[in-house]
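Novice: Input: one structure, supplied below.
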């Protein structure tokens, strides 16, 4: 007598079986290991692995008919497959050993329970980010006593220090709080602040801004200090600017992608990460329309009404509502979606302090390459974007026109990125991670060269653009807008998924602290680095136009380093991925132990073997 017994499941036979003849027939693949010389009953045998207890074989099994041998062979083969698989329990007469997971449109329901909420979260986060990004520039550029010159100073001397401070605080909190508590602790202050700004801080801005002090200092120090003094003059607007920037670095990069990496596998990420942006870029389209709607709304208000205050209240109400929706989706996924199994053979790293964490991250070539990608993108896009915004300010000096154009820009960015998202999955499937990671720097380099060429050689192009009904300034604005649209669409559809996929094979300690250091510090470091380069060039060569050829050369060097880091990271990523897959296979193989019941040639019960890989020793009675 022999029986197929599962690994993680249980063997359950009734005391007096009536319809299990086929179940008790031997599998020919196991026959040479299961026969014992003499029968032996199994009094009181109970098999359990923390599950249900099982009834014993009784002597009444001795005379069971063996008339359905072919059916039994098929059934036992399926039982053997299940023993190495998910361990489904076999009911009497059941031949469907393995029950597949339910699917919708070819995707498992469990996977959809992850992907759909994550897509909605990404939609809400980027909807907010588009509103905040467009609003922050209007606030600081068009405010009284300020101009576009304030932006480089903000990025370098305010945004970067606050980002570093947040990273240090986040590192400390990650050591003492659970992941859920850490998520809520970080995102709720953002929601509260943006609501308070629209309804409290902006209406009181005339009372809380030190206008008289700023005017006095400006008269003393001279107009060249207008940029730094503007930070003091409109400090609440500058704080909004920094919080809007941190929303992109913290909520998108650290909170969302960290959560997505936690609940998805590499295979799911390769298939669905590019598609997250589809819903997100629908958000860009709608949020761009929202910004333009409220920008035009100010025209219809009566005299004496602060139209911008009305618009701010409406847009900040939307931001708060979307933030609460993000919290709800996070709660729902944590409550109803199971986490994927990870390889357990990771190095258990001890808790590290702030300096130890930074030293560990700096010493890792993998993290350094990731940091190079992020910093290079920040510097490259800033070298082109700041120059473009200066042209945009010259073409659209009023806040109303400026904000409306930015709404159109966001909508076009969403449409272009949506299209790129549709193509990104093909790129990942056809060419892999490495090629996808190199597309963004290539696109940025080509479009940047076109933009700088138009600025440097605008004179010869003047007759051509005049035939198109444009001035050289307007043509530069449009070409710069196209450059930003293509670069950002490549970033959202390819660069961001590639960067986030690179975190997945890392151990949890490196993943959490590495993301905080790279995404929170390196993002503003890249932007601040670009701003510092531009400030140095302007002071050295007298104007941004005179420094344009040198900025183009710097852009070429940075993109070259970016491509080299992407190539290096490709090899390390593939190596870690292979190691993780091998560890999982070894864990699955080592966990497969199939207890069996030995049997002699007469078909009587024998002794219980240890596993399917061991032959039961004969027992003489």
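Using the three backbone atoms N, Cα and C, a Cβ is placed for every residue, glycine included.
Annotations for this protein, taken from TrEMBL, read as follows:
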COMPBIAS  599-621  compositional bias 'Polar residues'
REGION    579-621  region 'Disordered'
TRANSMEM  115-132  transmembrane segment
TRANSMEM  152-170  transmembrane segment
TRANSMEM  182-202  transmembrane segment
TRANSMEM  234-260  transmembrane segment
TRANSMEM  272-294  transmembrane segment
TRANSMEM  314-337  transmembrane segment
TRANSMEM  358-384  transmembrane segment
TRANSMEM  404-423  transmembrane segment
TRANSMEM  443-466  transmembrane segment
TRANSMEM  550-569  transmembrane segment
Novice: Of the stretches 152-170, 314-337, 404-423, 443-466, which racks up the most C-beta pairs under 8 Å with the transmembrane segment (234-260)?
Specialist: 152-170
Novice: Is the transmembrane segment (115-132) close to the transmembrane segment (443-466), in the sense of at least 3 CB pairs under 8 angstroms with a sequence gap of 6 or more?
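Specialist: In this chain the transmembrane segment (443-466) does not contact the transmembrane segment (115-132) - fewer than 3 Cβ pairs sit under 8 Å.
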Novice: Check the transmembrane segment (358-384) against the transmembrane segment (115-132) for contact, please; criterion is three or more CB pairs under 8 Å, pairs 6 or more apart in sequence.
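Specialist: By the criterion, they do not touch.
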Novice: Which residues of the chain, 6 or more past the ends of the transmembrane segment (115-132), have a CB below 8 A from one of its CBs?
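Specialist: For the transmembrane segment (115-132), the sequence-distant neighbours (Cβ-Cβ under 8 Å, at least 6 residues beyond its ends) are 107, 194, 243-244, 247-248, 251-252, 256, 259-260, 263-264, 268, 272, 275-284, 286-288, 290-291, 315, 318-319, 322-323, 325-326, 329-330, 332-333, 337, 410.
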Novice: Against the transmembrane segment (404-423), which of these stretches has the most C-beta pairs under 8 Å: 152-170, 182-202, 272-294, 314-337, 550-569?
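Specialist: Looking only at 152-170, 182-202, 272-294, 314-337, 550-569, the most contacts with the transmembrane segment (404-423) come from 272-294.
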Novice: Under 8 Å between C-beta atoms and at least six residues away from its ends: which parts of the chain pack against the transmembrane segment (550-569)?
Specialist: 365-366, 369-370, 372-373, 376-377, 379-380, 383-384, 387, 434, 437-438, 441-442, 444-445, 448-449, 452, 502, 533-534, 537, 541
Novice: So which residues does the transmembrane segment (314-337) touch in its own chain, when a touch means Cβ under 8 Å and the partner is 6 or more beyond its ends?
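Specialist: Residues 110, 113-114, 117-118, 120-121, 124-125, 127-128, 131-132, 135, 180, 183-184, 187-188, 190-191, 194-195, 197-199, 251, 259, 263, 290-291, 294 contact the transmembrane segment (314-337) from elsewhere in the chain.
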